[in-house]
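Reviewing the structure listed below.
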Amino acid sequence: MEGFNIGGKSLKSRLLVGTGKFASYDLMKQAIEGCGTQVVTMALRRVNLDHKEDNILEYIPKDTILLPNTSGARNAEEAIRIARLSRAMGCGDWVKIEVISDQKYLLPDNEETVKATEVLAKEGFIVLPYMNPDLMIAKRLESVGAAAVMPLGSPIGTNKGLQTKEMIRILIEEIKVPIIVDAGIGKPSQAAEAMEMGAEAVLVNTAIATAQNPVKMAKAFELAVRAGRLAFNGVTAPQAKVARASSPLTGFLHEGEA
(Lines of atoms letter the chains of each structure in order from A and count residues from 1; the text may use other names and numbers.)
(Lines give C-alpha, C1' and ligand atoms only; values in the text may rest on other atoms or scores of the structure.)
Protein backbone atom coordinates (compact mmCIF):
# COMPACT_ATOMS: atom_id res chain seq x y z
CA MET A 1 0.00 0.00 0.00
CA GLU A 2 1.36 3.41 -0.99
CA GLY A 3 2.24 5.87 1.72
CA PHE A 4 1.10 9.39 2.51
CA ASN A 5 2.67 12.48 4.03
CA ILE A 6 1.99 14.48 7.18
CA GLY A 7 4.15 17.47 7.98
CA GLY A 8 6.99 16.23 5.81
CA LYS A 9 6.93 12.74 7.32
CA SER A 10 6.19 9.83 4.99
CA LEU A 11 3.95 7.16 6.52
CA LYS A 12 3.05 3.70 5.25
CA SER A 13 0.42 2.71 7.81
CA ARG A 14 -2.90 4.51 7.44
CA LEU A 15 -4.17 3.36 10.83
CA LEU A 16 -3.50 5.68 13.77
CA VAL A 17 -4.20 4.20 17.20
CA GLY A 18 -5.28 5.81 20.46
CA THR A 19 -3.93 4.52 23.76
CA GLY A 20 -6.80 5.14 26.18
CA LYS A 21 -9.13 2.55 27.75
CA PHE A 22 -6.84 -0.49 27.42
CA ALA A 23 -7.00 -2.89 30.36
CA SER A 24 -3.22 -2.67 30.74
CA TYR A 25 -0.19 -1.06 29.14
CA ASP A 26 1.09 -4.50 28.15
CA LEU A 27 -2.09 -5.19 26.20
CA MET A 28 -1.87 -1.78 24.58
CA LYS A 29 1.70 -2.50 23.50
CA GLN A 30 0.72 -5.82 21.94
CA ALA A 31 -2.09 -4.18 19.97
CA ILE A 32 0.16 -1.38 18.73
CA GLU A 33 2.89 -3.78 17.64
CA GLY A 34 0.44 -6.23 16.09
CA CYS A 35 -1.26 -3.75 13.78
CA GLY A 36 1.88 -1.99 12.58
CA THR A 37 0.69 1.54 13.28
CA GLN A 38 3.32 4.26 13.03
CA VAL A 39 1.44 6.97 14.96
CA VAL A 40 -0.15 6.70 18.40
CA THR A 41 -2.02 9.38 20.27
CA MET A 42 -1.97 9.78 24.03
CA ALA A 43 -3.04 12.11 26.81
CA LEU A 44 -0.14 14.01 28.34
CA ARG A 45 -1.34 13.23 31.87
CA ARG A 46 -0.35 9.60 31.28
CA VAL A 47 3.30 10.52 30.83
CA ASN A 48 5.02 9.95 34.17
CA LEU A 49 8.74 10.57 33.91
CA ASP A 50 9.30 9.94 37.62
CA HIS A 51 7.86 6.41 37.72
CA LYS A 52 8.96 4.22 34.83
CA GLU A 53 6.36 1.50 35.46
CA ASP A 54 3.54 4.07 35.23
CA ASN A 55 4.94 5.91 32.22
CA ILE A 56 3.01 5.13 29.04
CA LEU A 57 6.07 6.01 26.94
CA GLU A 58 7.80 2.87 28.23
CA TYR A 59 5.19 0.74 26.43
CA ILE A 60 5.15 2.51 23.08
CA PRO A 61 7.64 1.22 20.47
CA LYS A 62 10.55 3.63 20.09
CA ASP A 63 10.13 3.97 16.33
CA THR A 64 6.51 5.10 16.71
CA ILE A 65 5.58 8.75 16.23
CA LEU A 66 4.03 10.21 19.36
CA LEU A 67 0.91 12.31 18.84
CA PRO A 68 0.13 13.85 22.24
CA ASN A 69 -3.38 15.27 22.46
CA THR A 70 -4.63 18.26 24.39
CA SER A 71 -7.35 16.26 26.14
CA GLY A 72 -8.86 18.30 28.95
CA ALA A 73 -8.43 21.65 27.22
CA ARG A 74 -11.60 23.76 27.29
CA ASN A 75 -10.29 26.63 25.19
CA ALA A 76 -7.43 27.55 22.87
CA GLU A 77 -5.27 28.93 25.66
CA GLU A 78 -5.35 25.65 27.59
CA ALA A 79 -4.64 23.62 24.44
CA ILE A 80 -1.63 25.79 23.64
CA ARG A 81 -0.29 25.40 27.16
CA ILE A 82 -0.62 21.60 27.04
CA ALA A 83 1.12 21.44 23.64
CA ARG A 84 4.05 23.51 24.88
CA LEU A 85 4.34 21.36 27.98
CA SER A 86 4.35 18.23 25.83
CA ARG A 87 7.24 19.57 23.76
CA ALA A 88 9.14 20.55 26.91
CA MET A 89 8.72 17.01 28.26
CA GLY A 90 10.38 15.57 25.17
CA CYS A 91 7.27 14.28 23.40
CA GLY A 92 8.13 15.94 20.11
CA ASP A 93 6.49 18.49 17.85
CA TRP A 94 3.39 16.57 16.81
CA VAL A 95 0.17 17.49 18.59
CA LYS A 96 -3.48 16.59 18.20
CA ILE A 97 -5.61 19.57 19.15
CA GLU A 98 -8.68 18.66 21.19
CA VAL A 99 -10.64 21.60 22.56
CA ILE A 100 -13.84 20.41 24.21
CA SER A 101 -16.00 22.62 26.39
CA ASP A 102 -19.13 20.48 25.94
CA GLN A 103 -19.02 17.84 28.65
CA LYS A 104 -22.12 15.88 27.58
CA TYR A 105 -21.49 15.03 23.93
CA LEU A 106 -17.76 15.85 23.95
CA LEU A 107 -18.00 17.72 20.67
CA PRO A 108 -15.01 19.84 19.65
CA ASP A 109 -15.12 23.63 19.77
CA ASN A 110 -14.19 24.50 16.20
CA GLU A 111 -13.53 28.20 16.77
CA GLU A 112 -11.14 27.62 19.67
CA THR A 113 -9.50 24.82 17.69
CA VAL A 114 -8.68 27.23 14.85
CA LYS A 115 -7.14 29.70 17.32
CA ALA A 116 -4.92 27.03 18.90
CA THR A 117 -3.90 25.62 15.54
CA GLU A 118 -2.78 29.01 14.24
CA VAL A 119 -0.59 29.76 17.26
CA LEU A 120 1.01 26.32 17.45
CA ALA A 121 1.65 26.02 13.71
CA LYS A 122 3.58 29.30 13.87
CA GLU A 123 5.67 27.80 16.69
CA GLY A 124 6.70 24.88 14.50
CA PHE A 125 4.31 22.22 15.76
CA ILE A 126 2.90 19.59 13.42
CA VAL A 127 -0.74 20.27 14.23
CA LEU A 128 -3.54 17.76 13.65
CA PRO A 129 -6.81 19.36 14.81
CA TYR A 130 -9.81 17.27 15.83
CA MET A 131 -12.93 19.01 14.54
CA ASN A 132 -16.62 18.86 13.78
CA PRO A 133 -16.77 18.37 10.00
CA ASP A 134 -17.48 21.80 8.51
CA LEU A 135 -16.02 22.94 5.20
CA MET A 136 -15.38 26.57 6.16
CA ILE A 137 -13.68 25.57 9.42
CA ALA A 138 -11.57 22.98 7.58
CA LYS A 139 -10.46 25.63 5.08
CA ARG A 140 -9.50 27.96 7.91
CA LEU A 141 -7.55 25.20 9.64
CA GLU A 142 -5.73 24.47 6.41
CA SER A 143 -4.95 28.15 5.85
CA VAL A 144 -3.48 28.67 9.35
CA GLY A 145 -1.13 25.71 9.02
CA ALA A 146 -2.83 22.45 10.01
CA ALA A 147 -0.78 19.48 8.78
CA ALA A 148 -3.95 17.38 8.55
CA VAL A 149 -7.61 17.72 9.50
CA MET A 150 -9.35 15.18 11.74
CA PRO A 151 -13.16 15.30 11.40
CA LEU A 152 -15.24 13.15 13.73
CA GLY A 153 -17.26 10.27 12.34
CA SER A 154 -19.57 10.36 15.37
CA PRO A 155 -19.11 11.46 19.00
CA ILE A 156 -16.07 10.16 20.87
CA GLY A 157 -16.38 6.64 22.21
CA THR A 158 -19.84 5.94 20.77
CA ASN A 159 -18.78 3.38 18.13
CA LYS A 160 -21.64 4.66 15.95
CA GLY A 161 -19.62 4.87 12.78
CA LEU A 162 -19.72 7.44 9.99
CA GLN A 163 -22.76 9.50 10.93
CA THR A 164 -21.13 12.55 9.34
CA LYS A 165 -20.23 10.73 6.14
CA GLU A 166 -21.54 13.28 3.65
CA MET A 167 -19.79 16.16 5.41
CA ILE A 168 -16.53 14.20 5.47
CA ARG A 169 -16.94 13.45 1.76
CA ILE A 170 -17.04 17.19 1.07
CA LEU A 171 -13.85 17.75 3.06
CA ILE A 172 -12.10 14.98 1.13
CA GLU A 173 -13.04 16.69 -2.13
CA GLU A 174 -12.15 20.25 -1.11
CA ILE A 175 -9.28 20.14 1.40
CA LYS A 176 -5.71 19.58 0.23
CA VAL A 177 -4.14 18.40 3.50
CA PRO A 178 -4.81 14.80 4.60
CA ILE A 179 -8.25 14.01 6.02
CA ILE A 180 -7.99 11.58 8.94
CA VAL A 181 -11.34 10.34 10.23
CA ASP A 182 -11.31 10.36 14.01
CA ALA A 183 -13.81 9.35 16.71
CA GLY A 184 -16.81 7.05 16.56
CA ILE A 185 -15.43 4.34 14.27
CA GLY A 186 -16.63 1.16 15.95
CA LYS A 187 -16.05 -1.62 13.42
CA PRO A 188 -13.38 -2.52 10.88
CA SER A 189 -16.04 -2.28 8.17
CA GLN A 190 -16.61 1.37 9.11
CA ALA A 191 -12.90 2.06 8.83
CA ALA A 192 -12.89 0.43 5.40
CA GLU A 193 -15.82 2.62 4.36
CA ALA A 194 -13.95 5.77 5.37
CA MET A 195 -10.95 4.67 3.33
CA GLU A 196 -13.12 3.78 0.33
CA MET A 197 -14.42 7.36 0.39
CA GLY A 198 -10.88 8.67 0.03
CA ALA A 199 -9.83 9.50 3.58
CA GLU A 200 -6.05 9.35 3.94
CA ALA A 201 -6.23 7.53 7.29
CA VAL A 202 -8.37 6.77 10.33
CA LEU A 203 -7.70 7.00 14.06
CA VAL A 204 -9.23 4.27 16.23
CA ASN A 205 -9.14 3.86 19.99
CA THR A 206 -12.29 2.69 21.80
CA ALA A 207 -13.24 0.01 19.27
CA ILE A 208 -9.84 -1.63 19.70
CA ALA A 209 -9.19 -1.03 23.40
CA THR A 210 -12.60 -2.23 24.61
CA ALA A 211 -12.89 -5.25 22.31
CA GLN A 212 -12.80 -8.69 23.94
CA ASN A 213 -9.52 -9.29 22.14
CA PRO A 214 -7.86 -5.93 21.44
CA VAL A 215 -4.86 -7.49 19.69
CA LYS A 216 -7.01 -9.32 17.14
CA MET A 217 -9.26 -6.28 16.72
CA ALA A 218 -6.27 -4.04 16.04
CA LYS A 219 -5.14 -6.45 13.33
CA ALA A 220 -8.66 -6.51 11.90
CA PHE A 221 -8.63 -2.73 11.65
CA GLU A 222 -5.24 -2.80 9.95
CA LEU A 223 -6.54 -5.18 7.29
CA ALA A 224 -9.77 -3.21 6.87
CA VAL A 225 -7.87 0.03 6.33
CA ARG A 226 -5.65 -1.64 3.74
CA ALA A 227 -8.67 -3.13 1.95
CA GLY A 228 -10.50 0.18 1.95
CA ARG A 229 -7.53 2.01 0.48
CA LEU A 230 -7.09 -0.64 -2.21
CA ALA A 231 -10.78 -0.30 -3.07
CA PHE A 232 -10.41 3.48 -3.35
CA ASN A 233 -7.44 3.11 -5.68
CA GLY A 234 -9.28 0.48 -7.70
CA VAL A 235 -12.32 2.78 -8.08
CA THR A 236 -15.46 0.94 -7.05
CA ALA A 237 -18.00 0.03 -9.73
CA PRO A 238 -20.96 2.42 -10.20
CA GLN A 239 -24.43 1.51 -8.97
CA ALA A 240 -27.04 0.49 -11.54
CA LYS A 241 -30.77 1.28 -11.46
CA VAL A 242 -31.72 -2.18 -12.76
CA ALA A 243 -30.27 -5.67 -12.44
CA ARG A 244 -27.42 -6.57 -14.79
CA ALA A 245 -26.43 -10.21 -15.16
CA SER A 246 -22.76 -11.02 -14.83
CA SER A 247 -23.21 -13.89 -17.32
CA PRO A 248 -25.47 -14.08 -20.41
CA LEU A 249 -29.01 -15.27 -19.61
CA THR A 250 -29.54 -16.69 -23.10
CA GLY A 251 -27.32 -18.43 -25.56
CA PHE A 252 -26.23 -22.04 -25.68
CA LEU A 253 -29.38 -23.43 -23.98
CA HIS A 254 -31.50 -22.36 -26.91
CA GLU A 255 -29.12 -23.02 -29.77
CA GLY A 256 -30.78 -24.91 -32.61
CA GLU A 257 -34.35 -24.18 -31.46
CA ALA A 258 -35.08 -21.85 -34.37
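Just so you know, glycine gets a Cβ as well, placed from its N, Cα and C.
Taken from Swiss-Prot, the feature active site, schiff-base intermediate with DXP covers Lys96, and the record attributes it to sequence analysis. Less than 8 angstroms from the CB of Lys96 (active site, schiff-base intermediate with DXP) sit Thr41, Leu67, Pro68, Asn69, Thr70, Leu128, Pro129, Tyr130, Met150, each of them six or more residues away in the same chain.
According to Swiss-Prot, the feature 1-deoxy-D-xylulose 5-phosphate binding site maps to Gly157, Ala183, Gly184, Asn205, Thr206. Here Gly184 (1-deoxy-D-xylulose 5-phosphate binding site) comes close to Leu152, Gly153, Ser154, Pro155, Ile156, Gly157, Thr158, Asn159, Lys160, Gly161, Leu162, Gln163: these same-chain residues lie at least six apart in sequence, with C-beta atoms under 8 angstroms from its C-beta.
For the 1-deoxy-D-xylulose 5-phosphate site, whose binding residues are given in the record as Gly157, Ala183, Gly184, Asn205, Thr206, the maximum C-alpha distance rounds to 9 Å. Within 8 A of the CB centroid of the 1-deoxy-D-xylulose 5-phosphate site residues Gly157, Ala183, Gly184, Asn205, Thr206, the other residues of that chain are Gly18, Pro155, Ile156, Thr158, Asn159, Asp182, Ile185, Gly186, Val204, Ala207. Taken residue by residue with DSSP, Lys96 (active site, schiff-base intermediate with DXP) is part of a strand.
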